[in-house]
Amino acid sequence: MNKIVDIHADQNELHDLKLKKQNISNYFAKILAELGLDLDDPSIKDTPNRVAKMLVDETCNGLFTEPPEITTFPIDEHTSRDLIVIEDIPFSSLCEHHFQPFIGKATVAYLPNDRIMGLSKAARVLDYFAARPQVQERLTGEVAQFLYEQLNAKGVLVIVQAEHFCMKVRGVKKHGSSTITTAIRGDIDKQEVISSLKLAGKV
Ligand SMILES: Nc1nc2c(ncn2[C@@H]2O[C@H](COP(=O)(O)OP(=O)(O)OP(=O)(O)O)[C@@H](O)[C@H]2O)c(=O)[nH]1
Ligand SMILES: [Zn+2]
């Protein structure tokens, strides 16, 4: 019975997303027409559909999906209980002010309590919260908070460095400037994270 209910739920979700893409495509076609572009041009005629698909299935996909499951493993007496740092995880997100991308790298550090995390999960969590209109400060905080709760960690520190296309290709047009944001949850020593990055020759 549960399975049947699940299948129906899945079908409803698929139907909703299809409808959403159709609506976005129609709205975007109006924007293109307002710009004076020829919607019959073979190069442009599928652009409204492409943009709708890109927003719903890719760049804003985190709005319509569940957060990733975090695989963890218990710590035994041989396992390090010290700081774990996963550095330079690349990501791209969408600035919610101008709908331009911002792209960069994140470093996730945590101090485990009784479990360690599957390493790839830091990147999955980052991708999940990046896949929606964002500001860099919120993205940084959401990743830190989610991992802190899911890992029952003693502490989590997330550092994000990114370049914003809204500052590169429009507005002030400052190529090469990047923004660094940090978020700390629980008890973790920022200096210790910096020392371990130094050890790895990163700073
Ligand atoms: N704090 C924060 N600001 C951001 C982020 N992404 C873009 N912004 C800024 O959001 C601001 C929006 O400012 P507004 O003055 O409303 O918009 P605008 O007139 O287009 O601003 P300019 O970019 O200065 O041309 C700009 O200063 C952007 O640089 C982000 O992730 N975090
Ligand atoms: Zn922006």
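Just so it is clear, glycine is given a Cβ too, placed from its N, Cα and C backbone atoms.
Note that TrEMBL annotation is computational and uncurated.
Database features (TrEMBL):
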| type | residues | note |
| --- | --- | --- |
| DOMAIN | 26-192 | domain 'GTP cyclohydrolase I' |
| BINDING | Cys95, His98, Cys166 | Zn(2+) binding site |
Including all protein chains displayed, how many Cβ atoms other than that of Cys166 (Zn(2+) binding site) lie within 10 Å of its Cβ?
16
Under 8 Å Cβ to Cβ from Cys95 (Zn(2+) binding site), same chain, six or more residues apart: give me those in sequence order, or none if nothing qualifies.
Pro101, Phe102, Pro133, Gln134, Val135, His164, Phe165, Cys166
Cβ neighbour count within 10 Å of His98 (Zn(2+) binding site):
16
Could you tell me which three-state DSSP class Cys95 (Zn(2+) binding site) falls into?
strand
